[in-house]
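Straight from Swiss-Prot, the features:
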DOMAIN    10-185  domain 'BPL/LPL catalytic'
BINDING   R49, G50, G51, Q52, V53, T54, Y55, H56, S116, L117, G118, G129, L130, A131  substrate binding site
SITE      K113  site 'Lowers pKa of active site Cys'
ACT_SITE  C147  active site, acyl-thioester intermediate
Amino acid sequence: MHNFTDMRDENSHDEIWLVEHYPVFTQGQAGKAEHILMPGDIPVVQSDRGGQVTYHGPGQQVMYVLLNLKRRKLGVRDLVTLLEQTVVNTLAEIGIEAHPRADAPGVYVGEKKICSLGLRIRRGCSFHGLALNVNMDLSPFLRINPCGYAGMEMAKITQWKEDATTDNIAPRLLANILALLNNPPYEYIAA
């Protein structure tokens, strides 16, 4: 992701990467040590993205957005709104009503956070992205103050849609972001 961003030029195509991570806490640039309560056996990795601490693990769909914002005429706030709307639209397709919050970036179902965001912009290009909780173990979130909020309750899609997996959510997520970016049809290739 860093190498791609460092090496790209005005003619480089944008890319969207869909991945799952092994268990890890990532601490953003604004991260404060007091928000990491009991990491235990889960490693803590410093990240150059914005935001505080979050957890990544199996069953969570991470989407890295490697976009040339200058070329797309998008500001940072525009990108945050676009990512939040991507998740809202994806969840609406499977019958889950979700919403962003002005006071805490991300996407929520009721008061529970289901998706976290963290971005970095370098030379007008974005990297990092979002993490959507699909069918993961949420208990590691109890070891941190998610996104710097003590007591933040986290959620996952399978609380409302039992058959959800990253395999059936990833293509929907990709289709929704491409629609909002006004991109042409795409081919989804699972690695």
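Any Cβ shown, glycine's included, is placed from N, Cα and C.
Taking CA atoms as the reference points, R49 (substrate binding site) and C147 (active site, acyl-thioester intermediate) are 12 Å apart. Other Cβ atoms within 10 Å of the Cβ of the residue listed as 'active site, acyl-thioester intermediate', summed over all protein chains shown, number 23. If you take the C-beta of K113 (site 'Lowers pKa of active site Cys') and look for same-chain residues 6 or more apart in sequence within under 8 angstroms, you find A104, G106, V107, P146, C147, M152, E153, M154, A155. Residues listed for substrate, R49, G50, G51, Q52, V53, T54, Y55, H56, S116, L117, G118, G129, L130, A131, cover a largest CA to CA span of 15 Å. Listed binding-site residues: S116, G118, L130; maximum Cβ neighbour count within 10 Å falls on S116. In this structure, R49 (substrate binding site) belongs to neither helix nor strand by DSSP; it is coil.
The DSSP secondary structure for the residue listed as 'active site, acyl-thioester intermediate' is helix. For R49 (substrate binding site), the Cβ neighbour count at a 10 Å cut-off comes to 19, with all displayed protein chains included.
If you count neighbouring Cβ atoms within 10 Å for each of the binding-site residues G51, Y55, the highest count belongs to Y55. In sequence order, F25, T26, Q27, G28, G31, H35, I36, V44, I144, N145, P146, C147, G148 constitute the residues six or more apart from V53 (substrate binding site) in its chain with CB-CB distances below 8 Å.
The predicted model assigns the domain 'BPL/LPL catalytic' (10-185) a mean pLDDT of 95.
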